[in-house]
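Contents: one structure, followed by commentary.
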Amino acid sequence: MSQDSKPSKANAGAVVEPSNFLRQIIDHDLASGAFSQRTNLAGEAIPSIITRFPPEPNGYLHIGHAKSICLNFGLASDYNNQPGGARCNMRLDDTNPVKEDVEYADSILDAVKWLGFDWGTHLYHASDYFDRLYEFAEILIQSGKAYVDSQSADDIHTNRGNFGQAGKNSPFRDRTPEENLQLFRDMRDGKFKDGEHVLRLKIDMAHPNIVMRDPVVYRIRHTDHHRTGSKWCIYPLYDFTHCISDALENISHSICTLEFENNRPLYDWIVNSLKELGVFKDPVPHQHEFARLNLTYTITSKRKLLQLVEEKHVEGWDDPRMPTIVGIRRRGYTPESIRLFCERIGVSKADSWIDMSTLDQALRDDLEVRAPRATAVLKPLKLVVENFDAPTKEACSAPRHPNYPEWGNREFNFTRELWIEADDFMQEPIKGFFRLYPPIDDQPGSRVRLRHGFVVECTGFETDAQGNVTQVNVTHFPDSKSGTPGSNNYKVKGNIHWISAAEAIPAEVRLYDHLFTDPYPDSGDKNFLDAINPNSKQTISAYLEPCMKDAKAEDRFQFERHGYFVADQSDSKPGKPIFNRAVGLKDSWK
């Protein structure tokens, strides 16, 4: 994939019919009858189409995983309405006790549920199959298709050769099945140290695909497993476990990303070998690859994400700048917006870059419909209405959503002292500035409408000793209140928001931007850390309208004129709100 290829923005705002070559494959298989009237090993009827999502619990899921989740569960949902039915299994590929953890496993299940998908009773673990995997390994040994190799890891690596050079057979390749079987059982029984022996498949050390050069499928690890404890000291590797787990679960279409394309011949070799040996029967699963998600301004390498966390470039796995599911959830993204995003980008065989704006637009399109409106002043500047008496209050209201009157109104008061945005005032206005500015020469100050309130005219301003504006003074026109007959008598171009200073709710607001300044921070020989955006998080003190006081964690709003915000999942409390900016009203990244 070329790093110079332009990311796609064409579908950022439009709903399009996603391309999906996998549907064509499934349709063909169904039409051919390849997966009709299927039964499992026990003879029980099973759905024609079974997909699966099988992450390894060695880290937190990220936005790239969301594409696979939506694809596999989405296909199952769509084809469940067709003859034969369909389902998607949830499987945790937990075969490496060194890197896996219950924390990661729990977070994966939570993320899939949060995205809106349900596996019902079909939750599986690769560790559930350890006994069967061992049994099948013995069958392969007895048939002469696997052997115990006693070379060191370095020698195994060296003797594999490279793309231009064939590998060398191990000096232990011709051990008899009986000797291999005894050694393998001794490995299982803990008689050897880590790394002393491995089990390899006997395929072809001169194969043009290096993956097929007698791959290692079992290794010794004297490490307890988080589910099986100390029962095992040998563990199967991914390539061995993955395809056999698919076959045991009767997966019809094993869907994975393109980086596993070279592993497909090994997948087929293992499954077909066990079929020939009477373990499995047709139809056996087949692997299909699709292009992974490449999102601009983002990295998805687990190793590099871990580095960001451990070196404290971010504040944890759920930092709203992280591409993890827990991170983008805390940022304010909704399950619906992520599913919409995955639908819009479609599925293909060719790698490409998707612009971050496509994901952002999916969130805007979702929250535009569902998020109630509210007022927030992010850069407060005091506004004093000179001809409005201090004790007086004028009741005002605004719709919770302009398109849904049934949602009702927000109620608030107009008072003498208000908060407005500092950006809504200029001492010396530039051309085209239609908000507040003071009298200039013989000309009166500007007039603007305070939204849902009155028209006001600027009469002056005050500054501190450093010349910073600290207060803007205005007069209001009592007959100009929004919604009253007299309001139409005032024609103004500026329309700004405000909050009563007496009723404003203090709040912390966190303004997030891209974590990286480079759209391709991980490309070529770049050090991705050099592209970290030093301004990716800004924390400010703001004011919110009164109705926001008791906002609950993960409540989402459109702060009018600003964007979409969410009450922080971890830190926001009723009476002490903390809001994160999820996305602006429009794409503002340059």
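Cβ from N, Cα, C; glycine included.
Note on Swiss-Prot: of 249-253, 299-303, 364-368, the range annotated with the feature motif ''KMSKS' region' is 299-303.
When the candidates Thr95, Thr257, Thr334 are compared with the ATP site entry in Swiss-Prot, which names Glu56, Pro57, Asn58, His62, Ile63, Gly64, His65, Ala66, Lys67, Ser68, Arg292, Leu293, the shared residue is Thr257.
Segment annotation: Swiss-Prot labels motif ''HIGH' region' over residues 55-65 (candidates 33-43, 55-65, 319-329). Following the DSSP three-state reduction, the secondary structure of Leu293 (ATP binding site) is coil.
In three-state terms derived from DSSP, Ile63 (ATP binding site) belongs to a helical segment.
Tertiary proximity for the motif ''KMSKS' region' (299-303) is limited to same-chain residues at least six positions away from its ends with a CB under 8 Å from its CB atoms, namely 58-59, 62-64, 293, 323, 516, 521-522, 528.
For Tyr238 (L-glutamine binding site), the spatially nearest entry among the binding-site residues His65, Lys67, Leu293 is His65, judged by CA separation. The ATP site in the record is lined by Glu56, Pro57, Asn58, His62, Ile63, Gly64, His65, Ala66, Lys67, Ser68, Thr257, Arg292, Leu293, and its two most distant CA atoms lie 20 Å apart.
Its own atom aside, the Cβ of Ile63 (ATP binding site) has 23 Cβ atoms within 10 angstroms in the protein chains shown.
Take the CB of Thr257 (ATP binding site) and look out to 10 A: across all protein chains shown you find 16 other CB atoms. According to DSSP, Tyr238 (L-glutamine binding site) sits within a helical segment.
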